[in-house]
Amino acid sequence: MSTYLVAFVISNFESISETHRGVTQSIYSSPTRKSTGRRALNNTILTVAKLEDYFGVSYSLPKLDHVALKRNQGAAMENWGLITFKEDNVLEQHRKDEYKITKERLIANHEISHQWFGNLVSPEWWTYVWMNEGFATYFGYVVTDLIYPNDHVMDIFLRDEAEFAYSDSSLFPARPMTHYVETEPDIMNVFDVISYKRAACVIKMFHHAFHQKTFVSGIRTYLNKFQYSVVNELDLFDSLQSALLKDDRFQQQTWVHMVREIMLSWTHSESLPVVTVIRNYENDTITFRQHSVHSKNELWWIPLNFATVLTPNFEHTHVEYFMPPMSEHTVSFNELHLELGGRDWLIVNKQQTGFYHVIYDMDNLLAIARQLQRNHSVIHQRNRAALFQDLAPLVSHNEIESMDVFFELLKYLEFEDQVMPWTRASSSINFLFEALYDTTSISLFKQFMRRLIASSFQRLLRLLESGESPLEFLSFEDFLHIACRAEIPECLIYTQKLAHDYIFKNSSLEVDYPDYYFAMHDVILCMGLRHQSYEEFEKLLSVLKTTQPDSMLYDDLIYALRCTQNRQHMLHYLTMLVGDNFTYSIMNEKDFMNYVIYLFKTNAASRPVIWHFIDGNYKMLSRSTHFVQLFNEIAEYVPESQRERFAVLHSKIEEYLQSEKITPKVPLIDKDSSHVGKKMKNKEQFVERFEHQIHKWLLNELPQPDNRDYYAASLSVGNGSDRPGGLLRTASKMLKSAFGANISL
């Protein structure tokens, strides 16, 4: 038994217990909360039994205790036979929150899975932490899905685990899953997104690629052969290969003898692959190309499978062809056993079970878009979502061949009734909102988005009372954000009503709307304060002035007021924050400088106001040692069209600092530095390349552009005289449908 799995609890706790199949499970808690552990106990009984049946390996001890602690290092710990949890992750709360219940089950089932992966079979060194955490993460979801199939937890897996694993963020470490460590700090650092989330995605990929039953047969061999022992990754790979060799379906496959090589290409790579699929429409061949998302010289054995209009079979997710570790490989339709007409669509990586991005040639992507417009349900929703996830980096990095085709893909969303494709599309949609800001296309784009999102937004509004699905509420934030940016009147009125009730009437979003409070709190406040009348904005500033700086309301106001789209309001707000004679009465000068940077980066409407504010106040602002850092950071957002004006302001500040002998903490950026405007270059290049194309497409799609000012109608929730009656009736009807008939506007 590994020493890190030993635990003792000395307490006056009381327990509830149940024995099933000779194993006694107990929930220990403080006496006052003893009765709140029943739901967790029921889940643990079901989970242990299901894992025993699924792997064919019995739980190893006569008891399994679950202890609810007020303080625990992490959410939970898988000590062998004595799992410890933070109280709130195992005991029932006063209110019912379906999503939180699902997350509690996932936490518990992750730790219970460890009783097999990590406890019964342990890695020989911390090099292989992923063999503990990856398996516990993935099979924690699998067993939860088997017990509670209506909770759609594998969709939650894609959002809460896979989305992070797919990210190419520089915040995440660049290291392989199998990674040697020696010192205590290095050991602690491998308990990261790689060991948990990426490893879970790789395990999921081969669980599907090797046929699920065959993969589980290999895991059963692994657990039985190495129980009460230590292993390395080769022991796991050999167990999987032994199961594959016994499966008649794989007897003719040459790769079946190469499981070590296949798996090592994944566990020893630092990145993940992008697979480009290029069809030759003349000779019925496909060229597959692979490269690393981080431009590293890495190659993989990649399990591919295919869906076509003639043979969709999206439920069959096993490997149909292993792409060898070559940068380019051409294969005929016959070799792939594909039935595919000349202009029929082809989907690679069914249900996104493989852990890689897929990029199609534009003709195939257009064929997919046309199919989605005719009948989107023919293509699995996870693949519909994956299309947007895989294209997002190409759009945001200005690498996509044609935005016409991308907009044809967006077009089908008008009929999309599932949440996942919308959430995956949201990053590209938000990029377009930002890139097209201040262009002639922005009003057309908003009109287009209003058409796409209106019906789905209304459907989800009606779900706010029903609690139909925890995932629906988790994803509602994306809908709110897009709908309000598109200036759908109902969204503006809805968020403004909730935000005003919270700020002015002391209503509690957490108490009144618990199911979606945590998912939507920030976007409700930001979008709710996006458009205000002069009188309302003055009231908001008055509330801020009288609110304690250490309160939640203060933090919420500071967060949300920066979202205003009115430039006069923004200037008034900045003036109030610095106070008379720059005394910084609302927040201290360092916090103010950091806040302005945050405001500048997150609200494009604020940027000309902030430049104007600095131009008029740089002498007073320069008294702060943090001012130059602020100036340097926002200089990265100078558009090319404003470089001359920036140079003039830069010279004035530089001369003033020299004349007053002010020595800032950091040197003032050079006005000709390559860093000036660097954060704008990508979007400027995107606009230069695609804005005309997008504008033309939108004009063709929207023969009657709608130039009405939608947000003006919602400037005052409390003053109906400023709004058209039809809009009020529509919004009132919608809000009553969502919350009951006791709302008056």
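In case you wondered, yes, glycine gets a Cβ from its N, Cα and C as well.
Zn(2+) is bound by H110, H114 in TrEMBL, and the record lists one more residue there from E87, E92, E133, E163, which is E133. Listed in sequence order, the residues of the same chain lying 6 or more apart from E111 (active site, proton acceptor) and placing their CB within less than 8 Å of its CB are A76, M77, E78, I83, F85, A136, G140. When averaged over the domain 'ERAP1-like C-terminal' (345-625), pLDDT in the model lands at 90. Just so you know, the Cβ of Y196 (site 'Transition state stabilizer') picks up 22 other Cβ atoms within 10 Å once every protein chain is counted. Reduced to three states, the DSSP call for E111 (active site, proton acceptor) is helix.
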